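Below: one structure, written as C-alpha cells.
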Amino acid sequence: MHADERLTDANFPDHPEKATLEGKNKFLGFWLFLGGETVLFATLFGTYLGLRNMHMDGPAGEEIFKLPMVFVATMLLLTSSLTSVYSVLAMKQNRVKAMQGWFIVTLILGLAFLGLEIYEFVEYVHEGHTFTSSAFGSAFYTLVGFHGGHVLFGCLWIATLLARNWNRGLTLVNAPKYYLFALYWHFVDVVWVFIFTVVYLMGKVG
Amino acid sequence: MSTHASHKKRTGLMDWLTTVDHKKIGILYLLSGGFFFLIGGLEAILMRIQLIKPENDFVSAEMFNQLLTMHGTTMIFLAAMPIIFAFMNAIVPLQIGARDVAFPYVNAVGFWLFFFGGVLLNMSWFLGGAPDAGWTAYAPLSTVSAGHGVDFYVLGLQIAGAGTLAGGINFLVTIINMRAPGMTFMRMPLFTWASFVTSGLILFAFPALTVGFFLLMFERVFGAHFFNADMGGNVLIWEHIFWIFGHPEVYILILPAFGIISEIVSTFSKKRLFGYSAMVFATVLIGFLGFMVWVHHMFTVGLGAVANSIFAVATMAIAIPTGVKIFNWIFTMWGGQIRFTAPMLFAVGFIPTFVMGGVTGVMLSVPAADYQYHDSYFVVAHFHYVIVGGLVLGLFAGLYYWYPRMFNRVLNDTLGKWNFWLFFIGFHLTFFPQHWLGLMGMPRRVFTYMSGQQLDTSNFVSTIGALLMGAGTIVLFINIIISASKKNIASADPWDGRTLEWAMPVPTPEYNFAQTPLVRGLDALYVEKTAGNGKMTPAEPVGEIHMPNGSILPFIMSVGMFISGFGFIYANWYAAGGGLGIVLITMFLRSVIDDHGYHIHKEEVEADIKGGRA
Amino acid sequence: MADHQQKSDKTVHRHEALQKKLALKEERKHHNVSFIMMILLTLVAFYAISSDKIGDSFAVMFILVLAVVQVFFQLYIWMHLSHKGHEFPIWGMASGILIAAITVASLMGMIWTS
C-alpha cells in the first residue's frame, strides 16, 4: 500500500497517525517540541509573575480584568479542545466527513476566541493599560499575546490542512498531520488554563 | 511502485543549496562553523595584541568592547555549536545504522537558519558597529547600549537559535526512532549518547533563551519595560533567563566533546571503553545537574546565603560524574595498545587540561571565594580551560578522527602533531597566566591596564600564547589544503574502528547502508571483527531504498528570516513583515506541495554493492 | 475446508471491528466525562475567586491545584498520554514541566530582595 493512497475501512490501521516511520517521527518530534514549548511558556509566566504587581501609574489587573469575558473565552477554547478530540476519534474510524466537520467547528471556535481577545485588548488600551505603560503591561501583553499568536497560527494551520486535503480522504501521509494539529490545539488550551488561573483569577485577588 | 520517482539530480552550487542529506549538511555546518571560528579567533588575537603592553592604543575602548562581545558570541553560538552539529550530522546516523536523520528537511532548515543568523550578526561590523554589551548582554547595559549593535545580537542569535532548536529535536527523534535492529540504547556509542543528551539540553534550554531574546527585543524595539527599573522592571529577570539557558549551554558544548574523546581513547587504545554504563550514567547525570546550578553565575547578585549555598552544593556535585569520566578514560588507556596518532594526541591532551578547568570550577563554586574571583581574569582562565582546553581540543580530535569519513582523505599525521603541540603549548601559555592576573585583581573585559601593577609580564606571555594558538590553527588549514590536493582516497576504516561509521566504503553511499546492519553488541563493528566476519551482518535483503528529495525552500525561508531580522533592527515594518511573509509562504508551500521523495532501485543498489561502492 | 477457514476469518475480523468500535465508544465517553469535569473545575475556580466567602490566599492555592488537575485531564485523556507507546512523550513532557517549574519559581522568588 502506498503512503498517499486513500485509506479504506478494510486496510485502516489502528493508529493511522503512527503507521509509518515518518508518522512515528512526527508524532514523537512534536511531543518533544511541546515539551520545549512548556519551558517557553514557563519563562513567560515567570516573567509575568515577577512583574504582575508593577503597574506603576497604570491600572492594576484587579481594576481592569473582566471575568465574564474571560469565562466566555475559556469556554470557547475548552469546547474547541473537545471538538478537536472528536475529530481525532472520527479519524480513527475513517469517518472523514465527521472529522472535517469537527475540525471546522474547532477552527470557528478558535477564531471566535481570537476575536474576543482582540476586543479585550482594545478595551484595556482604552483604559490606559498598554504594552508600554508599565512592566506589568509589557509582561501581560507578551504572555497573553504569545498565547494568542499560538491560537492564530493554529487557525492558519488547520485551515491549510483542511483545504489541501478536502477531497483526499485519509492517508498515511495526512493522518499524522491532523493528529499533530489536535495535539497542538490541546496544548494551546493547556496554556490557557494557566493563563486564566494565574493571570486573570489570581489578578483579581492581587 | 516508484511512479512518483521524478527525481532531478542537482549539481554544483544548487546541490549544496538544496541538499537534505545529513552528510552534506554536516559538511556545510563544518565549513561555516570553521569560518566563524576563524573570525572569532581573529577577534581574540586583536584583543590580545591590545593587551600585550600597558596602556596600549592598538584598538579603542569602544572597539575592544565590540571585539570581546563578538568573540564570545561568535565562538559559542557560531563556531562551537555548529561544529558540534557538523559531527552530529556526519556521524550519529552512521553510528546508529540509519539511512538519514528523522527530519531531513528540518535539518536543512536548521542549518540555513543558523547560517543566516550568523551572517546577520556579523553584518553589524559593517553597519555602524557590532554589539558591545558582552556575550551575556546583561540588562540594563544591553537595553541602553546606543546604536544597533545589540539589535543585531538579539535578532541574529534569535534566528540562529531557532535553527539549533530544530536540530536538537531532530537528533532526539533520530536517536530514539531510527536505530538499526539490535542497536539498543545501551549499545549506542558514547558520542551518540552524548549527542542525545546534548539534544535534550538544547530542547529544554533554548526556549528560555528564545523568550529572553524576545523580551530584550521588545524592550529595545517596541519600548517594553521588563528590565527598566523606572517602570517597574527588574534586571534580574534577564540574568535568570540568560543563565537558565546559559548554564545548560556549557554542557551542551562539553558533552559532545566527552563523547568524541570516549570514541578516540577507546579506538586508539584498542580496548572497549572502561565502565561504559557508568559513562552513560555520568553523561545523563551531568545533563540533569546542568539545569540545577545556574545561580552560581549570580553569586554576587545578593540572592542570600541560602540560595547561594544550595546552588554551591549542586555545582560541586557535578564534579562527581565528571570525575567518573576522567578516571574511565584513564582506565581505558591502562594496559591498552596505545597509538599516538594526531586525534589520540588531542584526546590525551584534553584530559589534564580539562581537569585543570574543572578544579578552578570547583574553586569558583564556593560562594565566599567567588566574591573574590568574580568578574576577574580568574574566571576568564577557568572558562577558557574548559571550553578551549576541553571542547576545542575535543573538536580538533574529532576533526582528525572523522575527517576520512567526512572528506574521504586522511589528514597528515605529522602536521597534525605540529598542530597539536603549537595549539596546546600556546593554549597553556595564554590562559595559565590569566589565573594569576585574576588573583592579582585584573578585572575581565577591560581594554587596558596601568603599568607598574605587576600585570605586564603575564599579559605579555598570554599574548604570545594566543599567537601560537593562531599558528597551530594555520597548520591545520595547511594540512587541509595539502590533503585536498592529493589524489589518494582514504581507506574505509583507517583507524581500525570499532563503531558503525567505519562499516561502509569511502565515499559513503548517499543511502549510507545498502542493507541496514544487524547490531550484535557494543562496538558493533569490532564485535564482527573479532567474530571473524570483518563486516556487518545485514538485517534485511537488498531492496528498494526510499530517499527524500532536496528542496530550496529551507534556504528561501531563512533568507526571509534574514530580511525580517533587518526589518526589526531598523524598525522598517515593510521589511519585517515582508520577510515573515516569505517565511509563511515557504511553510505554506511545503505543506501543500506533495513531496514523497524518490526510490533508488534494487538493481542500482546491487550494482553499487558489486562495484564496491556500497 | 478453505471456505470454512474464510468464514471464521471473517467472524474474527468482524469481532475485532466490533471490539474496536466498543473501545472507541468507551473513549468517547471518557472524553465527554472529562469535558464536563473540566467545565466544573473552571466554574469552581471562577466561583472561588468571585466569592467573598473564601479567603484570598486559600483561593489562590485552590485554583492552582484545580489548574493542575485540568492539565492532567488534557494531557492524559485528550492527548492520550495514558495510551501505550507514549513513554518518550511522557519523558519529554515531564522533563519540560520540571524545567518549567524551576524557571517559574526562580523568576517569581529570586528577583525581588526582601
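Each residue, glycine too, has its Cβ placed from N, Cα and C.
Database features, via TrEMBL:
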- A:1-204: domain 'Heme-copper oxidase subunit III family profile' (DOMAIN)
- A:28-49: transmembrane segment (TRANSMEM)
- A:69-89: transmembrane segment (TRANSMEM)
- A:101-119: transmembrane segment (TRANSMEM)
- A:139-162: transmembrane segment (TRANSMEM)
- A:183-203: transmembrane segment (TRANSMEM)
Selected stretch (most C-beta pairs under 8 A with the transmembrane segment (A:101-119)) from A:28-49, A:69-89, A:139-162, A:183-203: A:69-89
Within-chain partners of the transmembrane segment (A:139-162) [C-beta distance under 8 Å, separation at least 6 from its ends]: 40-41, 44-45, 47-48, 50-52, 61, 77, 100, 103-104, 106-107, 110-111, 113-114, 117, 121, 129-131, 174, 177-178, 181, 184-185, 188, 191-192, 195, 199
Contact set, same chain, for the transmembrane segment (A:28-49): CB under 8 Å, 6 or more residues outside the stretch: 139-140, 142-143, 146-147, 180, 183-184, 187, 191, 194, 198-199
Per-region confidence, the domain 'Heme-copper oxidase subunit III family profile' (A:1-204) (mean pLDDT, whole number): 94
